Amino acid sequence: MNRPSLKHFYIKSFGCQMNSYDGERMSELLESQGMKAAEEAATADLVVLNTCHIREKAAEKVYSEIGRLRRPDGSSPMIALAGCVAQAEGAEVLARTKMVDIVVGPQAYHHLPELIEKAASGKVVDIDMPLESKFDALPERRQVGASAFLTVQEGCDKFCTYCVVPYTRGAEVSRPWSRIVKEAHALVDKGAREITLLGQNVNAWTGEDEAGRSQGLDGLIRALAKIDGLERIRYTTSHPNDMTEGLIEAHGEIDKLMPFLHLPVQSGSNRILKAMNRAHTAESYLTLMNRLKEVRPDIALSGDFIVGFPGESEEDFQATLDLISEVGYSLAFSFAYSPRPGTPAADMDNQIDPEISRERLQRLQALLNQQQFDFNQQTIGRKATVLIERKGKKADQMIGKSPWLQSVIIEAPVAIGDLVEVTLTDAGPNSVKGQFLDQKQFATA
């Protein structure tokens, strides 16, 4: 990179875990070009805003962030707008703000070094979508934590009427088996004890193994489970229609596959699910949930919910509350419907009054919060293996993850990357506390 004035970069990622993964890869890419990460945007020569376009509020937040990058003397760093806002708005970004120098989509960020060079002569836009060449061009992972993300699939073919993902991430594409397995080995060699497989519809992954046999995500997970040193496997985000019997059975057969599943449903009303083009019913979703509980009785379940979708009645909303009550979630995410330009739902009649949506969101979130607290309380007394991931606020405090994705607070002389056996002793709304069983059971990576 022949730009000595650009020595330090800062990346801020918004939104989903896929964006977090992309942010990590962009950081590694820029470091491979000789740049160093800055602690804050104020000291960076290049700022990359890795954006989310799922909701209007998330997209607008980015433009506010751009404005804050102007420095007291009137100058600003080189600014690259990456991610899904960049993909959705393209050159319109440059018309909306003069501060952005580079617009780069989520399938083109491997071109970032070249785009930085071009930006010296003028503003540039790259929103091409050649998915696999992106992974080919990225450098090897350098540093990873105890838990690492690994993208195996991108894009979406479902075209839910409220969602921009098919337009910003493109069609469903699965990375080849061999490259996934190779990257997983590399992550473990660098210290990862847990890998989370990522995809917009991760359970839609398909490919051929080394013997040329067709495989689904369950086959890939079975292969990864054989890697020595890899202790835990997770995957997210899934679609109910791609939840195969083989994948369900994997939850009961593979010890390394953690007893946690995030499976969005969005609504408990069949009428609203049809309007959303979800292509499943509340009943079929509940059947999946019950089957998962059969094969893995201790599984913790998570979901996503949208309230205030166009035409949603109080009866429709009550159906969602009823579904939540029947499933019993350990964790879930709820959102008020946000019209996204270019999606069919944005042009539907019977848009819901925002005040009604907010009131429903409060009621729904109260139920979800109670369920999360109840789940945490139900785990008190359980023995659990906890993966230590970071330091806590106190000097002797460490925080790790339980198999059920709970944050576990531990006070003991352990290190990041340790897998420790504890008894869960106390529960709060968002975390639990753990007591060591025996220090001899510590296992340091």
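Positions of Cβ are set from backbone N, Cα and C atoms, glycine also.
What you see is a predicted model, and the numbers here were worked out from it, not measured in a lab.
If you check Swiss-Prot, you get these features:
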- C16, C52, C84: [4Fe-4S] cluster 1 binding site (BINDING)
- C156, C160, C163: [4Fe-4S] cluster 2 binding site (BINDING)
- 7-121: domain 'MTTase N-terminal' (DOMAIN)
- 142-374: domain 'Radical SAM core' (DOMAIN)
- 377-438: domain 'TRAM' (DOMAIN)
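Known features from Swiss-Prot, placed on the structure.
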| residue | record | Cβ within 10 Å |
| --- | --- | --- |
| C16 | [4Fe-4S] cluster 1 binding site | 18 |
| C52 | [4Fe-4S] cluster 1 binding site | 21 |
| C84 | [4Fe-4S] cluster 1 binding site | 26 |
| C156 | [4Fe-4S] cluster 2 binding site | 23 |
| C160 | [4Fe-4S] cluster 2 binding site | 22 |
| C163 | [4Fe-4S] cluster 2 binding site | 22 |
Arithmetic mean of per-residue pLDDT over the domain 'Radical SAM core' (142-374): 96
DSSP-derived structure type at C84 ([4Fe-4S] cluster 1 binding site), helix or strand or else coil: helix
Length of the line joining the Cα atoms of C156 ([4Fe-4S] cluster 2 binding site) and C84 ([4Fe-4S] cluster 1 binding site), in Å: 13
Residue distribution over DSSP helix, strand and coil in the domain 'MTTase N-terminal' (7-121): 54 helix, 23 strand, 38 coil
Residue pair C163 ([4Fe-4S] cluster 2 binding site), C52 ([4Fe-4S] cluster 1 binding site) - Cα distance, angstrom, rounded: 12
Cα-to-Cα gap, C84 ([4Fe-4S] cluster 1 binding site) vs C160 ([4Fe-4S] cluster 2 binding site), nearest whole Å: 17
Non-site residues, in chain order, whose CB comes within 8 A of the mean position of the CB atoms of C156, C160, C163 at [4Fe-4S] cluster 2: K158, F159, Y162, V164, V165, P166, Q200
Secondary structure composition of the domain 'TRAM' (377-438) [DSSP: H/G/I, E/B, coil]: 2 helix, 34 strand, 26 coil
Secondary-structure category, per DSSP, in which C160 ([4Fe-4S] cluster 2 binding site) falls: coil
Residue pair C52 ([4Fe-4S] cluster 1 binding site), C160 ([4Fe-4S] cluster 2 binding site) - Cα distance, angstrom, rounded: 17
Length of the line joining the Cα atoms of C160 ([4Fe-4S] cluster 2 binding site) and C16 ([4Fe-4S] cluster 1 binding site), in Å: 18
